Amino acid sequence: LLHGTKNVANSLSTRLPRQNSDSSQKNKPCEHIIDCGDIVWSLAFGSSVPEKQSRCVNIEWHRFKFGQDQLLLATGLNNGRIKIWDVYTGRLLLNLMDHTEVVRDLTFAPDGSLILVSASRDKTLRVWDLKDDGNMMKVLRGHQNWVYGCAFSPDSSILCSVGASKAVFLWDMDKYSMIRKLEGHHNDVVACEFSPDGALLATASYDTRVYVWDPHIGVILMEFGHLFPPPTPIFAGGANDRWVRSVSFSHDGLHIASLADDKMVRFWRIDEEYPVQVAPLNNGLCCTFSTDGSVLAAGQDGSVYFWATPRQVSSLQHLCRMAIRRVMPTNQVKNLPIPSKVVEFLCYQI
């Protein structure tokens with residue numbers, strides 16, 4: 001159990017070593033502080049794929065040419081602004097000013113297009129094209145109350161947004177239109193994340209539950225409860241000592257971490273009803289897995305805690321399932337000329 005401490009940097013001008021720096025630089029990590037000028041509510045890293053073109057038609061002139069070794073940081077602020085920074089230099093690149101309330105969450109499209117989506121308490125999501133100098137491409141409307149979070153599917157084709165009043169929306173990011181609303185939660189939904197193959201969607205709610213959905217057909221496949229016995233829908237908002245604050249999918253597609261107000265972090269397998277591991281954490285606010293899934297990080301007020309996650313090798317069956325589901329949605333899988341039990345396995349129904 002590691003307890004995080006606040007680091008103090010020497011100066012703003014200190015330059016972070018780039019990813020391709022030599023070994024001597026890697027042994028001497030530097031720090032610097034970026035002053036955003038307001039309370040930071042959300043963060044997202046983004047990097048560019050050079051051959052990925054902007055969706056904007058008029059691309060004759062741009063202020064910024066994003067290179068392969070450039071790393072961007074988007075910061076969502078209390079005053080509704082979004083500031084885009086060059087991480088290695090600390091330089092402010094863009095200042096996006098269209099939201100009228102707190103920017104609660106930010107997410108970059110995983111395809112390297114530098115499409116950024118922001119979720120705000122002003123009840124909207126906004127889509128920005130950073131390769132087009134931060135041009136706002138679309139406003140996604142549909143939420144009747146605060147939008148708490150958003151997440152892209154791994155292929156960047158679908159966006160999930162969650163918010164107050166039980167809201168879970170799925171958006172087609174090619175047409176910028178709503179696909180469907182997922183109904184099942186009984187209180188505000190505050191976090192969401194897709195599985196690495198895009199076949200599953202996990203949502204966390206103040207109704208003390210984490211649901212795992214098939215986003216392609218809108219069906220709840222699994223329910224992870226944080227209060228026993230589970231509250232009835234009419235009292236779902238009353239058990240605020242069990243509100244689920246955050247949920248995160250592991251890279252293996254088999255494990256989920258959740259963080260609730262009962263001072264516990266839970267580590268689940270998607271095919272088991274009860275947690276595999278449980279750890280104490282006071283006042284937890286968010287959690288996420290490292291890119292290789294070996295570490296779970298959880299943040300609280302002023303500190304970050306780290307846990308080494310249980311190690312195991314995924315079965316060949318599951319690895320094949322993930323490979324198929326990365327390229328095939330549920331409806332296509334169900335039309336395959338294969339035994340029904342195999343279909344159920346591929347659809348995570350067994």
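Each Cβ is built from the backbone N, Cα and C atoms, and glycine gets one as well.
Database features, via TrEMBL:
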| type | residues | note |
| --- | --- | --- |
| COMPBIAS | 7-27 | compositional bias 'Polar residues' |
| DOMAIN | 306-350 | domain 'SOCS box' |
| REGION | 1-28 | region 'Disordered' |
| REPEAT | 66-95 | repeat 'WD' |
| REPEAT | 96-138 | repeat 'WD' |
| REPEAT | 140-181 | repeat 'WD' |
| REPEAT | 182-214 | repeat 'WD' |
| REPEAT | 244-278 | repeat 'WD' |
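Taken residue by residue, the repeat 'WD' (182-214) breaks down under DSSP into 0 helix, 17 strand, 16 coil.
The residues of the domain 'SOCS box' (306-350), classed with DSSP into helix (H, G, I), strand (E, B) and coil, number 22 helix, 3 strand, 20 coil.
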